[in-house]
């Protein structure tokens, strides 16, 4: 019998079948096996029992079972191993027909049997190898299903689990092109170790060198073309934009491919997928709620997104998460959301996840309209995650499209209520790292959000592209971005936002295009790093000094605090405060110089205190007659020269504001 999963051994909780209050064997006795908590002597309560042969095959036998003089079960006089398919009750009768023992549930008494049953309940009760199709196995499963052989599916194959709560343990692969669809999995179901692999090996590109340098020339990218499931991604129309000219260079068999082996969880609630892996793999949660992708085991993505939560019809998705794990490659984004809303509790999003070499963005919230409805997302979490070397962007968390703005938002807030890029997305965003993006490191839009602890490193394009309004950014580090010197700013903020703590340590010079900071409507504070002031464009640069401030100079004879007003000049300092050594190191003397720009010459006018250790002040005089409006404040005087520098005079403003002129000396 090949369709039996008999794995519960029929045995007495005692070593041999004995009478319940003695060590005497029940010689020539009989055993009846039935359902738990029933009388197994009644045929209506009995369950099938089998002899298990050495080759693992099973032969069903009739009851009662016979006990020999030694207290062991025999069949036709031979010792045999008897098994059944489930927990059971047991009644034992002696040779005279008297009941000597009754056990309502053997599992309560036998730790070994309990372990077998517990293992079955928490792992599987049905093996795929015992059934011709996955649907047959799913229909037979009670509480679990073991995928113990490779299963070849056809695209669109649908498996209906009938609402059962199952643990599906995968020890083998699902192989096929297209979607394998799981429906009606009960709330609390768990799929562990699933491995999806395409039948077809696609043509892939990898626009980087062996030493991980980006390739941007179309011909160089096409030169990397090869068939592989493990090293690259299938080119898409996005690559036609990223690498101009590549479309005409690619051979026909590398265009329009759509090779993905996708496990689709359709319209389920509370299903978790753990330790998923695969080659050309995808995992699509369509119309799902409170579902989780947990600890992805580095699946290599196919043509579609690797992990997708899509709720374009029905209710907005809620409670859907990517938690932990890592993915590689894929032609689209590693983790993406379409029309999800986590509500005020921010129930949903990405936590503790790593994306490597995504063909588009590492983590993406879709923007704009898809079909006839919005694909935008609200109230999600994006925390503690890393995106490494994506072909496009690291984290793309926008809602409105930028390149082709829509006139309205079907199924969403109208433009009249929330203008372009000003939706109340309310995402919780904290502790994200992007390294080496060929596009933008971190991008988003929206209004009224708080974003903290973002680090972007070594990106070819902008470090941060923020179409945000009235939002607060705290602890943002942009390090060595716009390395390809694109027509891009290292940081761009469109609306009136506040940036508190902007670290720019290690910024590479970008002598070609773009500013270091372009935030024409924002207030920025806490900038650190070697930043060229001419590359800063902000509405307000606020650096409040709390307590004592000290400017230290190491290895130089001077310390300086320099001032620059960009409305006056983006390249020249408007004023400065210097401290210079009098004499050499250790002289114990210095002088202080206060300067101002004049005639487009910085430091043209200066006041010096203690120059040459004189213990006095060097005051500049106006070189010609001073006009009355030269002096600004009362109780002040302004020295000036008159009569071809032969008469030294002073313009004095008395405490009452009256002006008088005094002759100090005639030469």
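For all residues, glycine too, the Cβ spot is worked out from N, Cα and C.
DSSP gives residue 360 (active site) a coil state; it is part of no helix or strand. Take the CB of residue 360 (active site) and look out to 10 A: across all protein chains shown you find 23 other CB atoms. If you look up Swiss-Prot, you'll see 360 (among others) marked as active site, on the strength of experimental evidence.
The DSSP secondary structure for residue 393 (active site) is coil. In sequence order, 360, 361, 362, 364, 437, 439, 440, 441, 442, 443 are the residues near residue 393 (active site), counting only same-chain partners six or more apart with C-beta under 8 A. According to Swiss-Prot, the feature active site maps to 393 (among others), an assignment based on experimental evidence.
According to Swiss-Prot, the feature active site maps to 396 (among others), an assignment based on experimental evidence. Within its own chain, residue 396 (active site) has 333, 361, 363, 364, 365, 440, 443, 444 as residues 6 or more apart in sequence whose C-beta sits under 8 angstroms from its own.
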